[in-house]
Amino acid sequence: MSKRRYLTGKEVQAMMQAVCYGATGARDYCLILLAYRHGMRISELLDLHYQDLDLNEGRINIRRLKNGFSTVHPLRFDEREAVERWTQERANWKGADRTDAIFISRRGSRLSRQQAYRIIRDAGIEAGTVTQTHPHMLRHACGYELAERGADTRLIQDYLGHRNIRHTVRYTASNAARFAGLWERNNLINEKLKREEV
């Protein structure tokens with residue numbers, strides 16, 4: 001077996017719990033939640049601005065990079081709550097009014113890739129994940145979780161903004177659950193055919 005290169009849903013939950021009580025807990029929780037739920041690359045996440053969100057309608061506009069398809073995703077209730085909680089806290093941060101970027105540092109500038117990497121790595125350590133955690137693992141965790149929930153490859157491709165389905169197949173190809181019941185279904189078909197022959 002090769003070393004796992006993604007996080008499980010339980011590990012992501014543990015990471016969010018690990019960060020939520022720290023000094024920057026509201027920001028870090030929101031950052032991890034949105035990265036995971038929307039399968040965002042770190043650059044896409046850090047490029048999010050308030051104009052990309054419609055909290056009333058429950059939508060988030062994701063501008064995909066690497067020639068990916070930009071998409072509009074629904075924002076679930078817990079995501080809206082996390083954004084609202086972070087936005088309230090963010091308003092008290094020095095220099096927060098200088099930028100529309102959602103994720104900022106304590107100094108009021110847009111959060112850097114290095115800072116986001118450190119937040120996610122440290123959350124993984126605190127949560128006791130089985131592998132060293134980095135931001136792209138949250139994107140992979142999203143793809144694998146969607147496959148586990150039975151989403152088909154094309155839908156996952158659209159959701160993650162992949163232009164080429166080759167990049168998406170990894171999520172469904174390794175999902176053993178998709179084969180569950182395959183023989184049972186085939187046996188039912190065979191039994192039906194036998195009855196029709198009689």
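First residue shown is number 1, and so on along the chain.
Even glycines carry a Cβ here, placed using N, Cα and C.
Quick look at what Swiss-Prot lists:
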ACT_SITE  Arg41  active site
ACT_SITE  Lys66  active site
ACT_SITE  His136  active site
ACT_SITE  Arg139  active site
ACT_SITE  His162  active site
ACT_SITE  Tyr171  active site, O-(3'-phospho-DNA)-tyrosine intermediate
DOMAIN    2-184  domain 'Tyr recombinase'
Look at each of the active-site residues, Lys66, His136, Arg139, His162, and point out the one with the fewest other Cβ atoms around it within 10 Å. Lys66
Averaged pLDDT score, the domain 'Tyr recombinase' (2-184): 87
